[in-house]
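In what follows, a structure is listed as structure tokens, so that the remarks can point back to it.
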């Protein structure tokens with residue numbers, strides 16, 4: 001299907017209600033609003049998320065009359081996926097069309113595990129200096145169907161053996177484009193679908209929300225959802241974090257750590273422990289005393305530390321710390337009793353590694369299109 005036909009199809013679909021926008025409670029309300037019983041929502045959700053069915057006529061345990069009604073009123077439509085790329089290490093990346101712009105989604109198969117890295121916004125407003133996404137500016141929050149549709153569509157490809165991945169998606173990480181906590185409502189609705197027994201029925205321990213630390217949203221997150229939490233800290237003090245992450249001038253390290261403690265107090269996911277993400281930048285944040293500072297920051301919080309070798313992108317002056325420096329940094333923390341992992345670089349050759357995701361984004365702040373390849 002060419003883009004003109006696709007856009008015409010999407011215009012027609014916009015007149016219908018996209019059921020991918022509904023978690024179970026919203027689906028029940030919708031079914032009641034069209035004169036149907038609540039339990040029909042459960043039946044339809046199972047068809048959508050456990051049989052990957054987007055054709056109401058194939059939902060054989062509901063009446064023909066209801067199937068016709070749903071076909072008239074509703075659709076099951078994820079965003080369009082283009083430009084499927086496969087890395088030498090097996091990592092896969094897609095461009096995902098959002099209007100006339102696009103985001104990126106990455107699938108990482110490894111042994112018996114398949115991890116999907118999804119985006120939550122079209123662009124990102126945080127402008128972290130070491131991240132390519134942040135250089136593109138921000139356009140909009142993704143809606144629920146655009147978030148859950150990334151998981152649903154790739155899971156459907158695997159389910160029907162349309163791509164060379166054997167195991168279904170076991171882990172979802174919100175580590176793609178955008179800051180999830182700046183799109184809190186839509187992200188939470190999508191997470192509820194992933195967790196629901198009539199939805200994707202995933203474990204909360206296998207879903208990770210990664211945030212730069214939007215403190216007001218982080219403080220109330222526990223009242224809305226319980227999933228594993230990762231926080232992009234990337235510095236051992238506020239001076240460095242201000243340089244790397246402008247959001248730190250609004251929500252400094254101390255306020256972020258306080259919000260983390262509150263979330264962990266209520267959360268049962270991931271053994272009540274936060275993952276601290278720390279990008280390794282040569283001469284910036286990788287000295288031995290930075291490791292000491294990091295330990296002192298975190299010693300009152302149950303945590304594990306994920307050291308991330310920085311991935312180069314054009315136009316950046318940063319340099320990744322070398323392997324010796326990264327290992328020395330890790331060993332300092334390990335000797336103090338920290339759990340430390342060093343992230344393995346996946347998908348670098350197709351620009352699918354951490355910090356490399358881009359797309360086509362119309363930056364609303366500067367009123368221009370940013371397209372980085």
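These residue numbers are counts, starting from 1, taken along the chain as shown.
Cβ coordinates are placed from backbone N, Cα and C, and glycine is handled just like the others.
Summarising the environment of residue 104 (active site, proton acceptor), the number of other Cβ atoms within 10 Å of its Cβ, over all protein chains shown, is 23. Taken from Swiss-Prot, the feature active site, proton acceptor applies to 104.
Per Swiss-Prot, the feature domain 'Radical SAM core' maps to 110-349; the stated evidence is sequence analysis.
In the three-state DSSP reading, residue 117 (disulfide bond) counts as strand. Under 8 Å, Cβ to Cβ, and six or more positions away along its own chain, residue 117 (disulfide bond) finds 105, 106, 107, 108, 173, 175, 176. The disulfide bond annotation in Swiss-Prot covers 117-354.
Here Swiss-Prot flags 124, 128, 131 as [4Fe-4S] cluster binding site. For the recorded site, residue 131 ([4Fe-4S] cluster binding site), the DSSP three-state label reads coil. The number of other CB atoms found within 10 A of the CB of residue 131 ([4Fe-4S] cluster binding site), across every protein chain shown, is 27.
Shown in sequence order, 173, 174, 175, 180, 230, 231, 232, 277 are the residues of the chain, 6+ apart in sequence, with a C-beta less than 8 angstroms from the C-beta of residue 210 (S-adenosyl-L-methionine binding site). Taken from Swiss-Prot, the feature S-adenosyl-L-methionine binding site covers 178, 179, 210, 232, 233, 234, 311, and the record attributes it to sequence analysis.
In the three-state DSSP scheme, residue 354 (disulfide bond) is classed as coil. Around residue 354 (disulfide bond), a 10 Å sphere centred on its CB holds 22 further CB atoms from the protein chains shown. For 354, the entry in Swiss-Prot reads active site, S-methylcysteine intermediate, with the evidence type sequence analysis.
Nearest to residue 124 ([4Fe-4S] cluster binding site) in space, judged by Cα atoms and limited to the recorded positions 104, 178, 179, 233, 234, is 178.
In this view, residue 128 ([4Fe-4S] cluster binding site) is surrounded by 22 other Cβ atoms within 10 Å of its Cβ, with every protein chain counted. Taking CA atoms as the reference points, residue 179 (S-adenosyl-L-methionine binding site) and residue 131 ([4Fe-4S] cluster binding site) are 12 Å apart.
Comparing the Cα of residue 104 (active site, proton acceptor) with the Cα of every entry in 131, 178, 311, these being the binding-site residues, the smallest distance points to 178.
DSSP assigns residue 210 (S-adenosyl-L-methionine binding site) to a strand.
Under the three-state DSSP scheme, residue 104 (active site, proton acceptor) falls in the strand class.
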